[in-house]
């Protein structure tokens with residue numbers, strides 16, 4: 001190393017970091033010794049912690065077995081206290097393990113998850129497989145609700161589909177989508193609390209309305225099922241300037257904002273105490289909204305269980321524990337996790353544009369060896385302002401033809417350099433956290449690592465504002481592809497135009513082509529003289 005330290009290539013440099021699990025488990029390892037009909041939870045926990053993967057058959061078994069249990073459950077679950085309620089997980093498997101440390105072992109603690117197990121984080125499939133395995137073991141003490149990200153539209157737009165294809169196959173992804181459609185939509189806890197992922201709807205009057213939904217499908221972009229998954233409380237909840245119960249949700253691009261009067265009216269009509277929901281990142285991991293006038297209890301509570309969301313929010317996570325009519329909030333911080341490049345790229349694919357850009361820059365620098373005096377001596381001859389004559393066919397052996405060919409090659413190198421620059425900027429783009437200005441972090445941020453990102457986004461509110469566009473209902477798959485192709489085409493055209501307008505590059509090309517041309521002319525004159533002398 002630079003400091004003279006000798007490092008063995010046969011050992012891990014940082015020995016305290018556990019090596020990834022490179023092999024898939026045998027059936028003996030996968031099945032539990034206590035109950036051979038169920039997966040080994042302790043093994044799965046450690047195997048996933050080491051970034052291990054299952055065989056496709058083992059993963060499919062967990063998903064299908066979990067789906068059968070979920071499909072047998074009603075739209076609206078009912079459970080008694082004690083229970084621990086958890087919010088969004090978003091593929092943060094290592095923080096999910098911390099959640100179980102804080103909340104209690106699932107074998108001894110009853111859990112209700114409010115959805116959003118996948119997307120944004122890079123360990124979504126591990127979260128699904130482990131939670132579904134827990135559901136297989138504890139079907140009557142661990143419950144899973146559906147979030148807005150448990151659908152084909154969002155998982156295709158964000159990271160989950162790509163993750164499934166990278167770590168397993170599209171077959172696993174399709175099995176997950178089928179399973180997501182079986183997830184229940186809501187729960188009534190202790191006959192007092194309505195637990196849902198999103199919020200209320202103009203079409204939700206009584207709990208019977210939830211029971212009548214056909215949930216076994218892709219969520220629509222409007223209607224009761226959409227609102228349960230997508231709605232939010234108004235930002236000025238409890239201090240509304242309008243008397244409307246529901247306002248179009250401009251942040252999400254679908255569904256509604258619901259007001260304090262709407263929440264109070266629903267709770268009173270259904271004889272409930274509060275609405276417990278997830279769906280929104282919170283700096284402290286939770287938020288208590290204005291209390292109702294009749295009970296003095298918060299009308300709405302938001303729980304968010306993904307700490308340091310996207311590795312930049314710097315937020316705490318929380319779980320809500322309800323026992324003996326006492327409600328406790330337990331917060332926890334993030335846990336270190338393995339790093340993935342954006343979109344699961346490997347380091348060689350990610351670095352190629354950087355290497356290409358530097359090589360072409362070096363080539364141009366090598367070619368650019370002319371002095372200022374040479375440039376002044378080799379300025380192009382002015383052309384008469386008379387009417388231009390039509391271009392004449394050029395002899396491929398002529399000096400002018402070869403001069404132009406060399407010039408075009410130099411310009412092509414310049415264009416290639418600009419293209420590599422565009423590709424390098426594409427590699428630097430953080431697709432999961434786009435800034436409002438141009439959809440990118442400042443150039444070079446990723447090269448600075450975690451510290452660079454921390455400097456670019458300094459606090460929770462900055463991160464939330466930057467990430468708002470990713471909280472919206474995404475465009476269709478076809479529209480995304482079309483937009484991406486248009487952006488790439490425009491970027492490459494801009495790169496070519498910049499290269500064509502680069503006066504320094506044009507000067508280099510002219511100088512080298514003229515030098516080459518004059519060299520050929522000199523050789524031709526020498527050859528002719530030798531012929532005459534002979």
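Using N, Cα and C of the backbone, Cβ positions are placed for all residues, glycine too.
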For the Zn(2+) site that Swiss-Prot gives with 116, 148, 197, which of 279, 337, 477 also belongs there?
279
Looking at the candidate ranges 415-474, 475-534, report the one that Swiss-Prot labels region 'Disordered'.
475-534
Let's check the environment of residue 148 (Zn(2+) binding site): how many other CB atoms sit within 10 Å of its CB?
26
Mind giving me a neighbour count for residue 88 (Fe cation binding site)? Other Cβ atoms within 10 Å of its Cβ, every protein chain shown.
29
Taking the Cβ of residue 197 (Zn(2+) binding site) as centre, how many other Cβ atoms lie within 10 Å?
26
Which residues of the same chain, at least 6 positions away in sequence, have a Cβ lying under 8 Å from the Cβ of residue 90 (Fe cation binding site)?
116, 117, 118, 119, 120, 121, 124, 149, 306, 309
Between residue 88 (Fe cation binding site) and residue 148 (Zn(2+) binding site), how far is it from one CA atom to the other, in Å?
10
Cβ-centroid neighbours of Zn(2+) site 116, 148, 197, 279, 8 Å, sequence order:
88, 114, 115, 147, 149, 198, 229, 230, 278
